[in-house]
Amino acid sequence: MGLLQRLEVAHEPGLTHSQLFLTNEDLQPVPEEKRTWTAFNFFAFWVADSFNVNTWMIVSSMVQLGLSWWQAWICVWVGYGIVAPFIVLNARPGAIFHVTFPVVARTSFGLYGSLWTTFNRAAMACIWYGVQASIGGSCVLVMLRAMWPSVNNIPNHLPTSSGTTTKDFMCFFLFWLISLPAIWFPIHKMSVSLVCSVVHPLITRHVICRRHLFTVKAVVAPTAGITFFIWCIVKAKGVGPIIHQPSTLHGSELGWAMVSSLMSAMSNMATLVTNAPDFASRAKTPSAALLPQLLSVPITFSLVSFIGIIVSSSSVAIYGDAIWSPVDLLARFLDDSPSHATRFGVWFISASFIIAQHRTNISANSVSAGCDLTALFPRFINIRRGGFVAAIVGLCMLPWNLLKSSNSFTSYLSAYSVFLSSIAGVMITEYYLIRKGHYRVADLYTTRRDGWYWYIYGINFRAYTAYIAGILINVVGFAGATGRTVPLAATRIYQMSFFTGFGVSAIVYWLLARLAPVPGMASNFEEVDVSKGEEQDDGSFSENDDGGSGKNEKKSDVYVSEVSA
């Protein structure tokens, strides 16, 4: 057996090269026994996901922009309230047909055209993995300082050009290292422990560590956040002056500042809108991925943001300056010879933040990157291997350098959300307005020229035209965000980049599909796999005929998904 054969993931023998390029076990529809996510699991997922440092600080940029705290909080509510339906809409195909984002993207962009959109999402996931790990490393430093104050005095042996110090890199690497074991376990095993811990705590003893970790975060992270919230109010003897600080903006300037702020909340979720089918594919029933996500996203993220507002406001009363990062505030608590009680409190909260960052990195970045990289290299990569690739890229990209300039990083995220919102616009339009819920699951895994998703050489040029149109409308405004002089109208369009990118791509794709109809356009909305029960010409998912021998016939049913209410 050669080296390449040894590197291949497990697959059935006798598959053609085209089959190996389109499928492996993690790209196939999720079998019924692995559809373990209930409504409670989706709610717990968003509760746990919302408790991270990024959410805590999201209001800071809004207040610094000139909004009052309550205006900023309204923007958070509205922003996450608007983005939640987009998550639910794009998750629906995954919940119905139990396929992940890369496979859903094939329906609109084509079998091969979907590779670029998948690469976009994979790149974003890898970058975010490194960023979240860097933030997690700062939490590790605070926790170690609470245990051993001398950690803060570790001498630096790294050059200035590295962009970091010995102690900071040590803590980053520790966080990165302890994250690796959790990548090993499959997605469907994340959810069971959430239910078990509620039904009977003893059951969690028999649950593998990854599921147990997700349970721990769903309990520990909110507890730590509320503890930090109360501690800061008591320490400051009140909620602090930020609560009483009025807005410094008025009129249209205030209005556009609020639009920009709520769009920043939406852009923060653009990655999760795009890959919503990944977790929805594990839904026990389609309804489990509907209402729980629609309600939990705005509620959980808004409540965490409110805690961040009060804690930062209290920091003004305590130290005289607004400290928006909870990690920086905890570090300040350790200055000037803190008591043992203070050190224990900081240790508990920072340890909880470590769990929170770890959980967010696995769910939002490792799993997403794994699903995407599986579609790019299905012969050699599955979700597990893809997660490890994301971890390696996150380490090699030196994320602390990316975080040095918050302005450039924010501009980068806003620009990338344009790419992702344009992808989502095409995908949602395809599912609800073009083929109206009709799928041919078998055609998602075959290069037959008469398949629905073959289009032209595996690429749907209608989708790409719409995708590029959604990007182009924001290009001039993005140039303005980088410091160029551009018309005010272009700036306003870019301030609504999620809507403009999504809206333009959706409209252009709908018009092009009407002018040049795609195979399988439907007049009535019905979520059904029309390939289910149909006999394939060659009994396989390839353009090659087996001569009617039926040797590949057993493979055809593998890719047919049952649609249940």
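Residue 1 is the first one shown; counting continues down the chain.
Backbone N, Cα and C atoms are what each Cβ position is placed from, and that goes for glycine too.
The compositional bias 'Acidic residues' annotation in TrEMBL covers 535-546.
According to TrEMBL, the region 'Disordered' annotation covers 528-565.
Annotation comment: TrEMBL describes 42-63 (among others) as transmembrane segment.
Per TrEMBL, transmembrane segment is recorded for 69-89 (among others).
Sequence annotations record features per position, and here TrEMBL assigns transmembrane segment to 127-148 (among others).
Taken from TrEMBL, the feature transmembrane segment covers 169-185 (among others).
Residues or ranges marked as transmembrane segment by TrEMBL: 215-234 (among others).
Per TrEMBL, the feature transmembrane segment maps to 254-273 (among others).
Annotation comment: TrEMBL describes 294-320 (among others) as transmembrane segment. Note on the transmembrane segment (294-320): residues 42-43, 46-47, 49-51, 55-60, 63, 69, 72-73, 76-77, 80-81, 83-85, 87-88, 225-226, 228-229, 232-233, 235-243, 265, 269, 326, 329, 332 of its chain, located 6 or more positions outside it, place their CB under 8 angstroms from a CB of the stretch.
Positions annotated as transmembrane segment by TrEMBL: 340-356 (among others).
Taken from TrEMBL, the feature transmembrane segment applies to 386-403 (among others). Through the fold, the transmembrane segment (386-403) approaches residues 122, 125-127, 129-131, 133-135, 162-164, 168, 172-173, 176, 179-180, 183, 362, 365-367, 369-374, 409, 412 of its own chain, all at least 6 residues removed from its boundaries and within a Cβ separation under 8 Å.
Taken from TrEMBL, the feature transmembrane segment covers 415-434 (among others). When Cβ-Cβ distances below 8 Å are used as the criterion, the transmembrane segment (415-434) is approached by residues 86, 89-90, 92-93, 104-105, 107-109, 117, 120-121, 124, 266-267, 270-271, 273-274, 463, 466-471, 474, 478, 481, 497-499, 501-506, 509-510, 513, 518, 521-522, 525 of the same chain, each at least six residues removed from its ends.
The transmembrane segment feature in TrEMBL is assigned to 454-481 (among others).
Feature annotation from TrEMBL assigns transmembrane segment to 493-512 (among others).
Ranked by Cβ pairs under 8 Å to the transmembrane segment (340-356), the stretches 42-63, 215-234, 254-273, 493-512 are led by 215-234. Between the transmembrane segment (254-273) and the transmembrane segment (169-185) there are fewer than 3 Cβ pairs closer than 8 Å, counting only residues 6 or more apart in sequence, so the two stretches are not in contact.
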